[in-house]
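Feature annotation from TrEMBL assigns domain 'ABC transmembrane type-1' to B:70-259. If you look up TrEMBL, you'll see B:9-30, B:69-93, B:105-126, B:138-159, B:238-259 marked as transmembrane segment.
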Amino acid sequence: MSKRRQYNNLSAQIFLVHAFQYLLTIQFTKGCFIVDVKFQNVSLAYDNVNNILNNISFTIPEGQLTCLLGPSGCGKSTTLNLISGLLSPTGGQIFFGDQNVTKKDALARKVGMVFQNYALYPHMTVLDNICFPMKMAKVKKADRLKRGRELAALVHVETELSKKPNELSGGQQQRVAIARALAKSPSILLLDEPLSNLDARLRVEMREEIRRIQKETGVTTVFVTHDQEEAIHIADQIMVLNEGKIQQFTTPNRLYDQPDNLFVAKFIGSPIINTIPFANVRDDFKAVVPTRVFSDGVTVAIRAESIVPATDPHDHLTLLPLSGTQVQSNRFGRETSLSLNYGGHTIIADGFREQDLGRNGKPLQFALRPQGVFVFNQSGERVWPETIATNVSPIKPTEVIHA
Amino acid sequence: MTKKRISQALLIIILTLGAITMLVPFIWMLSTALKTAPETVKVPPTWIPKHMQWQNFVTAWHAAPFLTYFINSLIVTTVTTIGQLFTTILAAFAFSRLNFYGKNFLFALFLSTMMVPGEMLIIPNFVTLSKFSLINTYGALIIPWLASFFAVFTLRQTFNAIPNELYYAAKLDGSSDWHFLWTMMVPLSKSAITAIGILEVIGSWNSFMWPLIVTNTAKVRTLPVGLNAFTSDAGTQFQLLMAASTFVILPMIIVYLCLQKYIIAGISKSGLKG
């Protein structure tokens, strides 16, 4: 698809882009009202026993891409189905804008949905698939074919219109599914793990595509995933869910820089954040943490890139110097991974260059950066640092990891 | 290599024997249809008649009102098949996708009716129909066969294999249950539905016992019953019976040959036999 387009000359491309954007502003402001989604004390229980969702309230802002992120069984797909109307809550209210939609069914809520397996109608052509919601809405044939073609162009499947879904690649099926979901000018676009059936490379490509389509259409989008990296790359804000409760709901970088609790800290970021029982290393932190934290702290968590050599040029920014024992070091292309024994635990550091490494089994001096080090209390809540000024760090940790 | 060849040869021999076993009755029927009356009972039997008696077919056709029987068979088979498919599709959809009170109980109940042998139902069905004074009408030939739980069960399995997301997607797109059934489920289960239909066509066309019991005039009798005309107290005229049998089963053979692809696909897909 993109290869074919490379051969077009630049001016034609620019013209097309402008023409296209013009088209979009016409198409997507017409009949499409962009709304926010509000949950007020929503609960869902099966058989009045198992609480899938427990009294949750949030607002998904309009016109943005929001990710619902969490491990399987955390309630993220349930939340999505509650938004779509395929499930009804056992308690609480759901609003689209000012409208209470709690009692409305899926059709009346006018949501577009993309399923994990795309759920394309196998016996219909691509164009018929895209046009189906409009056919159901009794849009005139000429109008719906015209709009079907426009949507196909938006998602770049305009050359596949007469094919059946099983003749398409996974990425193309995905695009068709998105076009079909957009066909009824939905107030909200819902995507349920849309990338999990694609291979790694295509997944990255499609996530950029979804981002682009969302930006161009401006439709409020909710994206469910269990992949934290995917969520960080695609979302305007992320809601982390676990065991039917919202753990934290904020922007991707804030989620990474200021996790509210141990669950979020561990769930976001790769490699997984190092955790050490605070009791083992309490004395090392005596100088930097307040007395209250000194007694309340149960777990200290340190991001791998926050562990730096003691001789780091950013020395003036380091939090405190520490010493441990080098266990093992590996280099994977441009990454290094260093295992350290510190406080009786093996922790991973990836901020070391090869020349900073010592010998395995020998003591190693290192330092901690001020950001990416957190102390959590017994119930897993962050007790230190209490608030983090966002512009302290000259290097944003997310950029270090995911550049 | 040789081992593979031996097993290959063995396979071909077994399949050939199976095919011959299936074909012999048909060949015997054809051969008998072309014999003279004495030759049909000759010992030892002959496979190829000495003098081909082609006029047997003409005699047989005129021996009974076969044109009427043929039309009756056509009407009964068509209406039964279409009616049965209609009820089957609706019931299979209900059992596969809808949630209603007592669904599982009802399904188990229907399933248990499959254990009742067909012969057991002849008398109750006859009594019911006679109370409605439907004996000796098309109604008697059609109504008892408008529902088949075997077909419902087969189709339900096929419907269950269609992913739920498709149902949700169609619902979100504004499709009603009714619309979803006819525009999604049915086209997607084409091969299973065709197989069920063909099995019913064959079953209905060949049905003998029931039409014999509930009809008593030529006006509503069907072809298989008509074959009875060649058997009397004086014995059976085998050559005519076989000639008539040939043209009775001919339409079914044609149907089967044309659609065997679907029958096999439908049966192997649903994992059931007809």
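Residue 1 is the first one shown; counting continues down the chain.
In case you wondered, yes, glycine gets a Cβ from its N, Cα and C as well.
Annotations in TrEMBL come from automatic prediction, not curation.
By the Cβ criterion (under 8 Å, sequence separation of 6 or more), the transmembrane segment (B:138-159) is in contact with the transmembrane segment (B:69-93), since 3+ such pairs are found. Residues 29-30, 32-37, 39-41, 53, 56-57, 59-61, 63-64, 66, 194, 198, 201-202, 205-206, 223-224, 226-227, 229-231 of the same chain, all 6+ positions outside the transmembrane segment (B:238-259), place their C-beta atoms under 8 angstroms from a C-beta of that stretch. When Cβ-Cβ distances below 8 Å are used as the criterion, the transmembrane segment (B:9-30) is approached by residues 47, 242, 245-246 of the same chain, each at least six residues removed from its ends.
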